[in-house]
Amino acid sequence: MRTPLLLLVVARAAALTCPRARAPAAARLRRPAGPGAARAAAPPSLRGGGERADAGGAQKLAARVLGYVIGAGSVLLYAPILYEVAAQRSADGLALSTFALSLAGYGVSAAYSYQKGFPASTYVETVALSAQSLALCVVVALSRGAGAAPVAAAAAAAAAAVVALATRPVPPRVLAALQAGATALMTVSLLPQIVLNFQRRSGGQWSAITAGLSVGGNAIRAFTTLTLTKDTLLLCGFLLGLALNATLLGQILLYAS
């Protein structure tokens, strides 16, 4: 009878002492990990992700702000040219085809960006430049003796075409082809003015302010495109515009001296 009683006492003692023996080990396992351990335990894809996200967000915010700044500045981009035409009462130093092609290029580009759902900050200036190109087409055409009625009809038709392109459903391949064509048009549009300046050994009535703003605007647009949309067609257009406007600015400065 003593043996079972002895076994019961031993079992009871073991039950009471074992948790206490295991307590330090369990406590060690439950000890809160420091920040270094948590960082080491995190997946590699999450380490430093917060910093990169913050940097990317700041870059996108800067791109959007710059986009709206360009849009505000573009409202007066062609104002110096219009002033020159009004002051001299002549547009002999301007190529009408330049503004007609610019109108087509800017109009299609604005419609393309709208159809693609890009942020307004990425194309607001193309809308403003479309309107200014249309105004210059009208002014130059009227200064060369064109009738007011035909000019007004052509201007209305051009504006309606741009609005229709922006608001009607267009297949993606057709839209991409139109944007590629718009890039080509905007590239070709400055060539008549460059050739005219070269033939006359003069900057003509093209404003150095307009050319300089265009150079800066295209450079910034290349940055905002890479940051916000990464659209190759738009990027090519801005880089070509940068090169051609730099050529115009160089002509104005060269022939002025």
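For all residues, glycine too, the Cβ spot is worked out from N, Cα and C.
Unlike curated entries, TrEMBL annotations are predicted automatically.
The signal peptide annotation in TrEMBL covers 1-15.
For 27-46, the entry in TrEMBL reads compositional bias 'Low complexity'.
According to TrEMBL, the region 'Disordered' annotation covers 27-52.
Marked as transmembrane segment by TrEMBL: 61-82 (among others).
Sequence annotations record features per position, and here TrEMBL assigns transmembrane segment to 94-114 (among others).
Here TrEMBL flags 149-168 (among others) as transmembrane segment.
The transmembrane segment annotation in TrEMBL covers 174-196 (among others).
As annotated by TrEMBL, transmembrane segment applies to 208-226 (among others).
Cβ atoms under 8 Å from those of the transmembrane segment (232-256) belong to residues 105, 109, 112-113, 122, 176, 179-180, 182-183, 186-187, 190-191, 193-194, 197-198, 201-203, 206-208, 211-212, 214-215, 218-219, 221-222, 225-226 of the same chain, restricted to positions at least 6 beyond its ends. Annotation comment: TrEMBL describes 232-256 (among others) as transmembrane segment.
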Key: Beyond the flanks of the transmembrane segment (208-226) by at least 6 residues, Cβ under 8 Å   = 63-64, 66-67, 70, 73-74, 77-78, 80-81, 121-122, 125, 234-235, 238-239, 241-242, 245-246, 248-249, 252-253, 256
Cβ contacts under 8 Å made by the transmembrane segment (94-114) with residues that lie 6+ beyond its boundaries = 81, 85, 122-123, 126-127, 129-130, 133-134, 136-137, 140-141, 144, 158, 161-162, 165-166, 175, 178-179, 181-186, 188-190, 192-193, 196, 204-206, 233-234, 237
Query = Which sequence positions outside the transmembrane segment (174-196), separated from its termini by at least 6 residues, show Cβ-Cβ distances below 8 Å to it?
reply = 93-95, 97-102, 104-109, 111-112, 115-116, 165, 204, 206, 233-234, 236-237, 240-241, 244-245, 247-248, 251
